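**Q** Feature table excerpt (Swiss-Prot):
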type     : residues                                        : note
BINDING  : Asn29, Gln30, Leu31, Thr32, Gly70, Arg74, Thr80 : CDP-1,2-diacyl-sn-glycerol binding site
TRANSMEM : 31-47                                           : transmembrane segment
TRANSMEM : 53-72                                           : transmembrane segment
BINDING  : Asp66, Asp87, Asp91                             : Mg(2+) 2 binding site
BINDING  : Asp66, Asp69, Asp87                             : Mg(2+) 1 binding site
ACT_SITE : Asp91                                           : active site, proton acceptor
TRANSMEM : 93-110                                          : transmembrane segment
TRANSMEM : 116-133                                         : transmembrane segment
TRANSMEM : 154-171                                         : transmembrane segment
TRANSMEM : 177-194                                         : transmembrane segment
Amino acid sequence: MLGLHGRKPAQVIVEPVAKLMIKLKVTPNQLTLVSAGLTVGVALLLIPTGHLIWAAVLTGLFAAFDMIDGTVARMQGGGTKFGATLDATCDRITDGALFGAITWWLVYSYDAPQALVAASLVCLVASQVISYVKARGEASGFTMDGGLVERPERLIVSLVGLGLTGMGVPYAIDVALWALAAGSIYTVVQRLVMAGKSPLAKEFTKAPAGAKADYSNTK
């Protein structure tokens, strides 16, 4: 949702940084890898050890580099297909690391009830499925724009919940995870419905390589 409407306001901050990266001859792929490495490192080091405020601030800061690499690519005439694949892969890794670290902290430090741990695991799995449904739908030629809970929403809600919990606000992470779990399940269904309503939805797919394509004469 924010992915569609939040880019233009953010460009006011992102574009000057992107221009600096170009002057320093930093490539989009380098930015992608550095951003992912720092985000994963901060999440896995700070969240399980209970440094929630710093984890929220630094994870949010490093994750913001995900916008800079794309802007650098566009300023240089457009990104490559490999760059897009690398970026999507790193996004999945960072999402998994974030919710994996949150789940680890819930179990070993927060003394969370099993239901909340389950909600965190739902967020972890759904973060991957939401992106996969979009990627698979677009590969089939469907238009898959939008969705209630996309990556920006996941990051904002989870990191705000972590930060507020670190400040002592009761049940902040509980509310954040339950909201994300419910919203993520809804988004998976929303995107499947979107794919099902596409004009191309009932077209037949090609048989996999080596598989028999026509069984019409089979008795």
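Cβ from N, Cα, C; glycine included.
Set these features in their place in the structure for me.
**A** Taken residue by residue with DSSP, Asn29 (CDP-1,2-diacyl-sn-glycerol binding site) is part of a helix.
Through the fold, the transmembrane segment (31-47) approaches residues 21, 54-55, 58-59, 62-63, 65-66, 68-69, 72, 83, 86-87, 90-91, 93-94, 97-98, 100-102, 104-105, 162 of its own chain, all at least 6 residues removed from its boundaries and within a Cβ separation under 8 Å.
Taking a C-beta cut-off of under 8 Å and a sequence gap of six or more, Asp66 (Mg(2+) 2 binding site) has these contacts in its own chain: Thr32, Ser35, Asp87, Cys90, Asp91.
In the three-state DSSP assignment, the secondary structure recorded for Asp69 (Mg(2+) 1 binding site) is helix.
Under the three-state DSSP scheme, Asp91 (Mg(2+) 2 binding site) falls in the helix class.
Here the transmembrane segment (93-110) has Cβ contacts under 8 Å with residues 35-36, 39-40, 43-44, 47-48, 50, 55, 59, 63, 116-117, 120-121, 123-124, 127-128, 131, 151, 154-155, 158, 162, 173, 177 of the same chain, all six or more residues outside its ends.
Sequence-distant neighbours of the transmembrane segment (177-194) (same chain, 6+ residues past either end, Cβ-Cβ under 8 Å): 102, 116, 119-120, 122-123, 126-127, 129-130, 133-134, 137, 142-144, 147-150, 153-154, 157-158, 161.
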**Q** Quick one: Cα separation, Gln30 (CDP-1,2-diacyl-sn-glycerol binding site) versus Asp69 (Mg(2+) 1 binding site), in Å?
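**A** Given the Cα positions, Gln30 (CDP-1,2-diacyl-sn-glycerol binding site) is 8 Å from Asp69 (Mg(2+) 1 binding site).
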**Q** So, three-state DSSP: helix, strand or coil for Thr80 (CDP-1,2-diacyl-sn-glycerol binding site)?
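**A** Assignment for Thr80 (CDP-1,2-diacyl-sn-glycerol binding site) reads coil.
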**Q** In sequence order, what residues of the same chain, 6+ apart, have a Cβ less than 8 Å from the Cβ of Leu31 (CDP-1,2-diacyl-sn-glycerol binding site)?
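**A** Once residues fewer than 6 apart are set aside, Leu31 (CDP-1,2-diacyl-sn-glycerol binding site) is near Met21, Phe65, Ile68, Asp69, Val72.
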